[in-house]
Amino acid sequence: MSTATASRPEGAAPARSYPSYAAPLWRRALLTREFAIIALLGIVYLYSLGNVPNFDGPLTLYYLFLDIAPILLIALPMAMIMITAEIDLSVASVVGLSSVLVGVLHQDAGLSIPLAALAAMAVGAVCGAANGFLVSYVGLPSLAVTIGTMALYRGVAVGLLGTKAVTDFPERWTDLAKERIFGPGTSYPTILIPFVVLLVLAVWLLHFSNFGRGIYEIGHNAEAAHFTGVDVELTKFWLFVISGAVSAFAGVYYTLRYGSARGDNATGLELQVIAAVVLGGVSVFGGRGALHGVVAGVVLIGIISSAMRLEGQTVNLINIVIGVLLVLSVLSTSLLALASGLLRARTRGKRPSSRRAVAAANPNER
Amino acid sequence: MQDRAASAVVLELRDVAKSFGSVVALRSGSLTVERGSIHAVVGENGAGKSTLVKIVAGVHRRDEGVFRFLGEDVDFATTAASKAAGIAVIYQEPTLFPDLSVAENIFMGRQPRGRGRRIDYGRMYDESDRLFARLGVHIDPRRPARGLSIADQQVIEIAKAISLDATLLIMDEPTAALSGVEVERLFAIARSLRDEGRGLVFISHRFDEVFALCDHITVMRDGSYVSTDRTTDTDVDAIVSRMVGREVAELFPKTPAEVGDVVLEVDGLTSAGVFHDVSFEVRAGEIVGLAGLVGAGRSEIARAVFGVDRYDDGAVRLLGRKVPAHNPRAAIRAGMAFVPEDRRRQGLVIEESVARNVGSVIRRGLARAGVLTSAAENRAAGPWAGRLEVKTSALDMRASTMSGGNQQKVVIAKWLATEPRLLIIDEPTRGIDIGTKAEVHRLLSELAGQGMAILMISSELPEVLGMADRVLVVCEGRITAELDRAAATPERVMRAATRTSAHATAAAADEQKSEVTA
């Protein structure tokens with residue numbers, strides 16, 4: 001070691017070397033929450049193919065994808081926001097607002113559909129930026145901020161159009177929203193193309209970029225992230241902007257798919273998105289989750305409801321099943337954490353009381 | 001009961017020991033407090049004063065030793081038990097319920113009841129007024145505790161202690177946040193309590209206060225009892241030398257390095273209420289130690305220099321170029337590295353793997369065509385973990401599974417990987433075992449030898465004196481002394497660190513300062 005700025009650490013001390021991983025690849029890949037969801041998805045899919053009448057037809061998957069496309073799209077930014085331990089409840093309201101904007105701009109301002117869609121997405125990004133600014137730079141809790149803007153954006157959407165609906169859209173565009181990629185009779189609608197593009201971008205951003213490493217660090221420990229040079233505020237801000245823009249895009253799709261722009265479009269969608277993201281293995285406390293699990297979570301919920309509908313079950317029963325599944329999945333993580341926590345506590349023994357213990361023990365108690 | 005009241009000795013501790021795992025916090029603590037006296041306990045950071053207090057307060061239970069209160073052997077399992085026996089502890093920062101009234105805070109949990117078990121507010125306010133009158137202060141018992149000064153909050157804690165008829169009152173650095181007038185008032189109260197026949201224990205770093213107020217002084221060092229004297233029989237110098245009392249061990253092998261150009265220049269750095277007009281420089285190859293008491297503002301200065309915290313005024317320059325304020329990223333780019341004080345909360349992301357932690361600062365440069373892979377991180381992190389001999393079975397082990405010493409190595413590896421010009425290291429060896437400690441010291445010395453500038457903050461005086469080429473002493477947010485390696489004796493550093501505060505006479509302060517820098 002001759003200078004302090006040697007590019008590799010070749011010290012006088014013998015350098016140790018380490019294996020990269022403690023467990024073989026199959027164990028790291030299979031023994032995860034994400035893989036459990038994927039496996040469950042496979043089981044449910046195969047079961048439905050064999051036992052549910054008409055499930056194996058091409059229409060089933062086609063309508064499944066059409067239905068879950070908005071959830072799939074919004075789940076990507078939602079997962080990233082939730083990994084930073086924040087939340088965005090305003091997404092469905094942005095869908096509604098974007099839907100209304102497309103309708104109004106097309107009908108009243110005479111804009112073409114692509115221009116109206118771009119304008120709606122710009123407004124969506126601004127809505128997200130407002131959320132992000134309040135959360136990151138004003139320091140308000142995202143739960144409170146986005147509950148507020150959920151009502152606000154929905155209010156603006158309904159206010160713009162009242163109880164009316166705009167249904168006069170060119171067929172070229174409404175057909176495009178429902179078109180199939182591989183020609184008539186196949187199962188994959190065109191909305192999957194932008195979704196796959198966004199998915200690739202999201203995977204890169206979250207799992208293969210410096211920005212994504214920062215997202216996880218913020219979720220685990222924002223203070224340490226700050227000390228390491230991660231711009232905590234800016235990271236969160238951009239995630240909310242992305243969330244707003246993607247939600248607005250989902251709103252454009254929603255409008256064209258149903259051929260109807262209404263202020264109350266996609267009401268309650270935010271809870272479906274959050275449910276799917278949580279089912280996919282993202283921790284609401286931040287720091288944990290991966291996109292393959294999230295996508296599997298969305299598709300799993302979609303397949304269960306689609307199969308049960310084909311069986312002739314009511315929406316209420318479908319909701320009960322999905323609700324139970326969600327509670328079980330969350331419970332499984334908590335139980336695992338509890339078990340490993342107990343194990344750790346036993347091996348570590350009694351820990352020295354910290355200052356907090358004094359503060360808690362000292363004053364004012366009876 | 002008659003027996004207890006008659007006992008002249010309120011508190012007797014003999015050879016009390018307490019360990020947390022492998023860390024010995026208190027080796028052999030002894031303290032005897034008599035009725036009607038104020039007893040000072042002094043010692044360096046980590047001498048075991050706080051542990052002793054916590055044992056008396058019932059926060060911790062002793063491992064061994066004699067603990068007598070009013071002549072009876074006792075063993076408090078909870079703070080409630082010690083409180084019920086008649087012990088009141090007042091901490092540096094009182095913790096009141098801010099939204100409740102002053103009277104409600106005093107009578108929390110034992111409010112006087114009127115008819116129908118309703119709280120008798122009238123009586124509560126009357127009794128509070130009577131307590132305050134006895135203490136000679138004017139606080140409205142009806143006002144909420146929020147917005148009261150720390151001094152008034154302490155008075156409320158004292159009022160609570162008196163209303164409980166505490167026989168022993170322990171004050172842990174009560175004057176740290178007080179102004180001169182408030183200190184005088186507190187002292188007046190303390191003296192009147194003493195004259196009522198209660199026993200008081202006063203923990204402080206300020207010798208002028210200790211000598212002004214107390215009857216006896218007990219010195220502690222390294223978790224052990226050293227001596228007890230009557231205040232009238234001793235002086236500051238004798239106490240300081242007993243507090244320090246040991247040779248700088250051979251544990252700290254700082255090899256002389258060639259001191260080069262100025263790397264870090266800090267000029268007039270000020271943050272209102274935290275530190276004031278701090279100026280110093282660190283040169284290449286030099287280890288500069290920031291010494292001082294806990295809470296003097298050392299860590300805050302380091303955090304501001306690195307840009308984690310804001311500052312109001314002043315400038316930081318690295319290699320002659322100004323470093324933007326409040327921007328850790330810019331500081332890293334300029335060539336700074338910062339190993340913070342709290343490893344688990346600030347130093348690393350405990351839930352992440354070794355590789356992710358070691359690579360967390362350098363990963364920006366590891367992406368190929370914008371794609372950052374775990375493989376690239378592992379390749380980059382492995383050699384640095386190896387250089388520091390981090391003990392782990394694989395790079396994907398979570399940092400939370402490792403010992404404190406290994407975690408510290410991970411933090412240091414993470415920053416060395418950035419190849420910094422300046423390393424700021426806050427409490428480099430806090431809470432780590434002796435072997436790793438020596439390794440860290442050797443490493444710091446080696447890094448300085450290679451021309452790195454190092455700013456080291458430590459509460460362990462031997463560490464500062466053994467490692468640093470130059471020692472800056474911080475006291476209450478100001479640099480009160482700058483001592484060369486040869487001039488830095490434990491006594492001088494302690495003097496500067498406990499320098500008489502603002503309320504003392506200016507003459508005394510000047511005299512001490514000139515003595516230190518002479």
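One-based numbering along the chain as shown.
Placed from the backbone N, Cα and C atoms, the Cβ positions cover glycine too.
Keep in mind that TrEMBL annotations are predicted by a computer and have not been checked by a curator.
Feature annotation from TrEMBL assigns transmembrane segment to A:30-49 (among others).
Summarising the annotation, TrEMBL assigns transmembrane segment to A:61-83 (among others).
According to TrEMBL, the transmembrane segment annotation covers A:113-137 (among others).
Summarising the annotation, TrEMBL assigns transmembrane segment to A:143-166 (among others).
Positions annotated as transmembrane segment by TrEMBL: A:187-206 (among others). Packing against the transmembrane segment (A:187-206) from elsewhere in the chain are residues 58-62, 65-66, 69, 72-73, 76-77, 79-80, 83, 176-181, 212, 215, 246, 249, 253, 257, 290-291, 295: each is 6 or more residues past its ends and has a CB under 8 Å from a CB in it.
According to TrEMBL, the transmembrane segment annotation covers A:237-256 (among others).
Taken from TrEMBL, the feature transmembrane segment covers A:268-285 (among others).
Taking Cβ pairs closer than 8 Å, the transmembrane segment (A:291-310) reaches residues 32-34, 37-38, 40-41, 44-45, 48, 52-55, 60, 63-64, 67-68, 71-72, 75-76, 79, 199, 202-203, 206-207, 272, 275-282, 317-318, 321-322, 325 in its own chain, all 6 or more past its ends. As annotated by TrEMBL, transmembrane segment applies to A:291-310 (among others).
For A:317-343 (among others), the entry in TrEMBL reads transmembrane segment.
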Do at least three CB pairs under 8 A connect the transmembrane segment (A:237-256) and the transmembrane segment (A:61-83), leaving out pairs fewer than 6 apart in sequence? yes
Tertiary contacts of the transmembrane segment (A:268-285) (same chain, 6+ residues out, Cβ under 8 Å): 32-34, 37, 70-71, 74-75, 78-79, 82-83, 85, 87-93, 95, 150, 219, 293-298, 300-301, 322, 325-326, 329-330, 333
